[in-house]
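Asks: Below, the features straight out of TrEMBL:
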type	residues	note
DISULFID	Cys280-Cys290	disulfide bond
DOMAIN	74-114	domain 'EGF-like'
DOMAIN	235-275	domain 'EGF-like'
DOMAIN	276-314	domain 'EGF-like'
DOMAIN	760-872	domain 'CUB'
SIGNAL	1-24	signal peptide
Amino acid sequence: MKLTTGCLLRLFLTLMVIALVCEGKSPSTTNKDDDECHDENGGCAQNCINTPGNYTCACHDGFILAPDGKDCIDKNECFENKGGCSHQCVNSLGSFECKCNSGYSLISSGKQCEFGEWCRIMHGCDHNCRTSSTSNKVECFCRTGYFLHSDGKRCVRSCELGNGGCQHKCNTTADGPVCSCAARYLLNLDGKTCRASCSVNNGGCERKCMDSINGPVCQCPEGFKLHQDGRSCIDVDECEKKMDGCSHMCENIKGSFECVCPPGYKVSSDYKTCVDIDECVMKSTCDHKCENLPGSFKCHCKPGYQLYGVTHCADINECSVQNGGCVYNCTNTEGSYKCSCKEGLKLHPNKHDCIDMRQCTTVVQQPNSVLTCVPVGPKEQHCVMTCEENAFLINDAGYLNSTSISFRCGPSTNYEWTNMPTGKLPQCSRNILAPSLTKKARFVLIRDSCSVEPVEAEMIKKNLTDIFNYDQKYKCNNSCQINFVEFSCGSRRKKFQQMAKRSGKKLVTTEFELQINPREISYNCDVDCRSKKTRKKFNKILKKARQSIKGQKFSIRLYNKEYKPMKKSFKPEKAVEELCVNGTQLINKTCIGCSYGTYYDIQTKKCTLCPWGTYQDKEAQFSCIECPNWQPGSGQEGATTLEQCNDLCEPGTYSTSGRKPCLLCSVGTYQPKYGRISCRPCGMGLRTKSTGSTGFQDCLVKVTCKAGHYYNISTQTCSSCPRGFYQPRTGQDFCYTCPGKTMTDFEGSTLAEDCKDRRCGQHMGDYYGILESPNYPGNYPVNVECVWKIKPQKQRRILIIIPQIQLADNDKCEDKIIMRKTKNPYSQNSYETCESRERPIAFTAKSKKLWIQFKSTGNKTAQGFSIPFVAYNEEYESLVEDIVRDSRLYSTSQHQQIFKDRQLLTVLLEVIATPYSYLKYFNVSQSMFPPSFINLLKPKVRRFFQS
């Protein structure tokens, strides 16, 4: 809880009042009227009348109060009985004047007329004549409210009559009244009337007001235009006038517009152009592999897995469908399966069929070798494999330190090479190297500044590389390289610190990694020999470097200035790391290039078999070559030649080896796979239409089963695929099993998409998490119920954000999500709906903990929901409430997109849960979020922290 100084003061005063009341006293108060007229005349144009607790504005005679209750406007006295004039009435500002018809003149009353104009004609008087009592001469005199000019003839109006013709203030001078205006009013060019400035009621303007010589001029902000009344502002529809510049769609909003993008796109930093959303940036988008597409994305599963729920992958139980194609035993494994044979048989190279143990099928010519086999029995051979020049034997255990090997193939074979990628025999490789050696070392420089610019770092790195490679005392001969150089301020050694303090300079600890690459191996010096020589050379180089630095003979050149490391500052680490160049992998202290039929995977840094449909006929390659005109299922994994791409028997054919040339499957049999040594019978004496059949659909049955069904051989009828199975094709004798723990809603499913995960989704962290309907973002299953409980730590409250909800359309409101305090139906309810909504919403839970239930029934389903929540510090409760209750947060398309963008939403959740994490995004927040969103939050946050 925040207690500011003001809060403490208010609390103290409140307690003091309570104490006085409890003692039977009341705090003394003095009701003193505030004279509003004292300050700028109360804003009144003429007279201000103070009253107890209030005030009113009043006007002089000849004026009436304006509608604003403060200004005074002229009263036209001539409207009522001509102002009492006998002839003519002429209205003037603040007063009126009677005029006589021709041949008449006004008498002294100023209203009645008499015949004759002798006074004006004979004496030149403006008003009236009279005989002076002292001089007995005729003199001019003026009516009430006027005074005689110094010329003795003209009558000048005074401030007493109609305020001197002034609208506001009047000052009488010898030449007549001089007008002025009340505070915040300006005198017009006529010198009499006043106009209100923008300080008075904003000049009557709805928005902006500008003072001008003609009075207040109303203006409108950008996105609005001035109404015909000259005061109001009306919205400009930029979209209608094609002023938007949007690349796709335009949506008009009050005072502005927004560019709106189709699903899968978002506005770029110019807020006009739509760019694709890369959903694959979030690693959690797909379980396995994510492919970004224009306006969308697609998830892919690793081999042996099947996609479900749009983004998820689960293991395929290959053994559940026709025994995985295995002749005998099938064992399912995660992401794969294995076939095995009964006793007395061994697995054929196609990994599915079983053959006699006495058959010799593993002897094949290996690259870089010469193979010689001599028969020693009916089904047994004695073979010798010799590596060609500059090639050495390798296997899965690494370098064999040999160039030839002999073995027997047949029933007495004991030498099995089962773990080799391309077969059981070892291989001859020309790509064998001793590993490179790396070691980290550091020294200390003394400089004017502790900071090292990137350009300087590159110069130092190049300088070190040149020193080790070209200085003869190190004898690197271009076999040394510097992998990186890093810098840090200061040093742990007190002696160096004292030296720097005395010189007024800075210490810079320079750490680098030195790598030495070995020479190639040969018959005279194999891998072990080369590794020993490289290690010995490496130690000598480091020893020379230590001696050079200690003797001040080692210098770094930077901007034509030499820096010598401080004596005794060179310190190499003890650990030496062995590295292999890309394209080779370290096996038993030997760098071995990826063999034929494999490629080097940069991500895993391992050699990987070329997948089906590719081959590789070279060593140490980073990819495999695509097979031309390849058909799925043909060829083999780890193919080493182009010929192996399509040399297997095709579906509908077979051979004793599984390779071409092949025979057609006979009538009554079929074969759907490549490279098999036999064909499958239809069963129950069923026949096929002809030879070369590729599947059970070619078997002549009594009835062809439709999709979602399979043919039961024993009953010779069609049966529905049970729950958990599906079949998209017609005329089949099996159903596919749903992957992993997924299940179909009903029997007779026809699509893989019908397989759904019935588990309730949730991702819980310390302060925030996500609740998902089962199988999200795929459609949720029917007849499923989920219950979640959120109970945050003490002094934290729950904020729920619902980007959107898709529920099945049902008049009975059967599919429903409820959020309340407990499972008790009468407990405090925070949210409940059985309807879909596209518009985002955020709200704070009414209770400190939440019980959330989702329930689906019936036959319809929908996508469901993914609802994030965050447990925020209750100290910020008023701020969070202020934000989420502001309708502007959800009013525009760009704001709504924030709640549907998983990357932005994750940032929001993290910042709300732990506000200090905002520093991570400080430099990018302006570009991540639209300006309107930042402008909405900024004053709220500022107001909260200033309160």
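Cβ from N, Cα, C; glycine included.
TrEMBL labels come from automatic prediction, so no person has curated them.
Tell me about the surroundings of these features in the structure.
Replies: Only residues 6 or more beyond the boundaries of the domain 'EGF-like' (74-114), in the same chain, are considered here, and those with a CB under 8 A from a CB of the stretch are 60-64, 120, 127-128, 141, 143-145, 161-167, 192-193.
For the domain 'EGF-like' (235-275), DSSP puts the residue distribution at 0 helix, 16 strand, 25 coil.
Taken through DSSP, the domain 'EGF-like' (276-314) splits into 3 helix, 18 strand, 18 coil.
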Asks: Using DSSP, how many residues of the domain 'CUB' (760-872) fall into helix, strand and coil, respectively?
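Replies: Helix (H, G, I), strand (E, B), coil: 0 helix, 56 strand, 57 coil.
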Asks: Same chain, outside the domain 'EGF-like' (235-275) by at least 6, Cβ under 8 Å from its Cβ: which residues?
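Replies: Answer is 221-225, 294-297, 891-894, 897, 901, 927, 930-931.
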Asks: Six or more residues out from either end of the domain 'EGF-like' (276-314), which same-chain residues have a Cβ under 8 Å from its Cβ atoms?
Replies: 262-266, 334-337, 611, 738-742, 752-753, 755-757, 775-778, 901-903, 906
Asks: I need the most crowded of these disulfide-bonded residues: Cys280, Cys290. Count other C-beta atoms within 10 angstroms of each C-beta and give me the top one.
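Replies: Answer returned by the neighbour count: Cys290.
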Asks: So how many of the residues in the domain 'EGF-like' (74-114) end up helix, strand or coil by DSSP?
Replies: 7 helix, 16 strand, 18 coil
